[in-house]
C-alpha cells in the first residue's frame with residue numbers, strides 16, 4: 001500500500017481556486033480561479049508561468065488536451081473557451097449553454113469536448129468545426145459533471161436530480177441510469193479500464209458501480225463529512241476523495257477499506273495529521289483550514305494536488 005506525504009503548501013492572494021488539474025505529463029498544474037483567471041504553474045520549479053484571461057466570471061474548471069497543446073475552460077459566464085498553450089491566446093469561444101457551465105472535458109483523442117451546465121443539458125462539441133454537434137437531454141436538474149469513458153464511446157454525467165447517467169455518443173441515447181444516492185451527485189467518473197464508475201454525493205457517500213450491469217457494488221460512508229470530489233488513481237484500485245471537513249481520504253476499492261487520511265485537527269494545533277489504515281499518525285504538516293473543494297492525481301499516480309476554499313493549494317507525494 002502506498003502512503004502520501006506533504007510536498008508543498010502554498011497560498012496566493014488571487015482568491016479561491018475552484019479546481020486544479022495536472023497536465024498529462026505531470027509537469028504543470030492548471031488552476032481555475034474564482035476571479036476569472038486561469039493560472040498555469042510549473043511543478044519544478046514551483047512558479048506561475050502563464051495566465052489566461054478572457055472569462056467574465058469565475059472559472060469552474062480547465063484542463064489540458066491529451067497532446068498538451070490546447071486548454072479548455074468553462075465558466076459561470078455561460079461560455080466554454082479554448083486556448084493555445086504556446087501563445088496563451090484564446091482560440092475560440094463556444095456559446096450555447098443558457099446557464100453557468102459546470103464541466104468541460106476533452107475526449108481521449110482530443111477531437112471533441114463534452115460540457116454540462118445548470119441548464120440541465122449536455123453538449124458535445126466537434127473541435128474540427130468548432131460547432132456544437134449534439135445536445136443530450138435527460139436529467140431533470142443541474143448537470144454537476146460529465147466525462148468521457150476511456151474509449152471515448154460513452155459519457156457519464158452526474159446531476160442534482162440524484163442520478164448518474166451513462167450515454168452512448170453515437171446515438172445520444174441515455175443507455176443506463178444509476179440510482180442509489182439520496183442527494184445531489186457531485187461527480188462521477190469511469191475507472192481507467194472503463195469497467196467501473198465511482199461517484200460521490202452530498203448524501204455523504206462514495207459509491208462504486210459496475211458499468212455492464214449498472215449495479216452498485218460498494219458504498220463508502222463518511223457520516224461526519226460531505227464528499228466534494230473523488231478521483232481514480234491510474235492503477236484503478238485506489239480512489240482519493242476530498243471533503244468539507246478539510247480531510248483528504250484514500251480508499252483501496254479491492255480491499256474495500258480506507259488506507260489513509262490527510263487530516264487537519266485543532267488538537268494538533270492546526271497541524272495536518274497523516275494517519276495509516278489503523279489510525280496511527282505518520283507525519284504532521286500545515287493543514288487545509290477549510291473545505292477541500294478539489295483533488296487530482298498525476299498520470300503516474302505519485303502526486304496528489306488538493307485545493308481548499310481558504311485559497312490554499314497542497315501537493316502530496318509518495319512516502
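Cβ atoms here come from the backbone N, Cα and C positions, even for glycine.
Predicted, not measured: the structure shown is a model, and the values here were computed from it.
Annotated in TrEMBL:
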{"type": "REPEAT", "residues": "10-51", "note": "repeat 'WD'"}
{"type": "REPEAT", "residues": "52-93", "note": "repeat 'WD'"}
{"type": "DOMAIN", "residues": "65-220", "note": "domain 'EML-like second beta-propeller'"}
{"type": "REPEAT", "residues": "94-135", "note": "repeat 'WD'"}
{"type": "REPEAT", "residues": "136-177", "note": "repeat 'WD'"}
{"type": "REPEAT", "residues": "178-219", "note": "repeat 'WD'"}
{"type": "REPEAT", "residues": "220-261", "note": "repeat 'WD'"}
{"type": "REPEAT", "residues": "285-319", "note": "repeat 'WD'"}
Tertiary contacts of the repeat 'WD' (220-261) (same chain, 6+ residues out, Cβ under 8 Å): 1-4, 186-187, 189-193, 196, 198-202, 204-208, 273-277, 287-297, 299-301, 304, 306, 308, 316
Rounded mean pLDDT for the residues that make up the repeat 'WD' (285-319): 84
Secondary structure composition of the repeat 'WD' (94-135) [DSSP: H/G/I, E/B, coil]: 0 helix, 24 strand, 18 coil
